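As given in Swiss-Prot:
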- G79, N110: anthranilate 1 binding site (BINDING)
- G79, 82-83, T87, 89-92, 107-115, S119: 5-phospho-alpha-D-ribose 1-diphosphate binding site (BINDING)
- S91, E224: Mg(2+) 1 binding site (BINDING)
- R165: anthranilate 2 binding site (BINDING)
- D223, E224: Mg(2+) 2 binding site (BINDING)
Amino acid sequence: MHHHLNTLYQGQSLSRESTRDAFGQVVRGEVDPIVLASLLTALKIKGETPEEIAGAAEALLAEARDFPRPDYEFCDIVGTGGDGLNTINVSTTSALVAAACGLKVAKHGNRSVSSKSGSSDLLDKMGIKLDMSPAQARHCLDKLGICFLFAPQYHAGVRHAMPVRQALKTRTLFNVLGPLINPARPTYQLMGVYAPELVRPIAETLLALGLKTGMVVHGAGLDEIAIHGPTQVAQIRDGEIREFMITPADFGLETYPVSAIQGGEPEENRAITAAILAGQGTPAHNAAIAANVAPLLLMAGKAADLKSAAAEVLAVLASGKAAELAARLATLSHQEA
């Protein structure tokens, strides 16, 4: 480890292999907390490279609990959190809606980072079991087209870094790792990041990790596609990254103020999500979900463009199909596979 630290102290970047080695030691609990604090701080001050982020992600995936990966195509929709704007749970709600649209979704999530309730806080409130075994989760994915993978169930080693992360009280490499370490390893992915300068590096990281199709987005201050302004996109397709901007108009949607998708406490967010899933969401809530599910339909080849994809999502929302799916998931999640 000290060899890796000396490289960083000289202002140089670590290779992917070196970072993989360093973070392998971290998640195995072999690194003294003071040394770990130095590692995270040195990386942060230098600025983490895509190779370093990929190496750390590979280390965590290598130590993760196995998930029985299916041979069909499936996706994840996830944000880093940490945008500080406390909006409704767009990615969690979108995951349920995407499944209601016929996609297969294995969503990786954790307790809250940015909103008052993260994906796990919301699922808990909806009666969906968080600590499903990998076999149970796979059963839900096969039968219903959706499962939720609760990060601590798969990445137990990350607990070794928790005291240091809490003591540092600043963002570190761990803040961007969560969305990159889905143990199911989805075939395509929509990932939101909390800062515009992360869009390109995280897309490069996903490409380095072998993702074939995906989008990394930052929406005017949010770690998701915005309905209140433009969204910066880095699209991964056929081994290449293309960068562009999209606006609500590209989806055929109105523009709304960000206050229209303000979130609340876990119970309030559960009520908001329940209303959206049942076809009783506000126009702004529905638009936020449509904008974030539409790219997944496009990536899956189930829509020709963003406008027709968003229209399909709005139709599924109006049908209340997603509420039915959430209720079935709550029941199935408590049954043995």
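Cβ from N, Cα, C; glycine included.
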| Rounded inter-Cα distance in Å - N110 (anthranilate 1 binding site), S91 (5-phospho-alpha-D-ribose 1-diphosphate binding site) | 12
| query | So what sits near R165 (anthranilate 2 binding site) in its own chain, CB-to-CB under 8 Å and at least six residues off in sequence? | reply | L40, T172, F174
| query | What is the interatomic distance between the Cα atoms of S91 (5-phospho-alpha-D-ribose 1-diphosphate binding site) and E224 (Mg(2+) 1 binding site), given in whole Å? | reply | 8
| said: When you rank G79, T87, H108 by Cα distance to E224 (Mg(2+) 1 binding site), which of the binding-site residues ends up on top as the closest? | reply: G79
| task | Could you check the binding-site residues T87, S91, N110 and say which one's CB has the fewest neighbouring CB atoms inside 10 Å? | result | N110
| task | Please report the number of other Cβ atoms within 10 Å of the Cβ of E224 (Mg(2+) 1 binding site). | result | 26
| message | On a C-alpha basis, identify the one among T87, H108, D223 that is nearest to G79 (anthranilate 1 binding site); the candidates are the binding-site residues. | response | D223
| remark: Taking only the CA atoms, the spacing between T87 (5-phospho-alpha-D-ribose 1-diphosphate binding site) and D223 (Mg(2+) 2 binding site), expressed in whole angstrom, is 10
| message | Comparing the binding-site residues G79, H108, D223, which residue's C-beta has the most other C-beta atoms within 10 angstroms in this structure? | response | G79
| What is the interatomic distance between the Cα atoms of H108 (5-phospho-alpha-D-ribose 1-diphosphate binding site) and D223 (Mg(2+) 2 binding site), given in whole Å? | 15
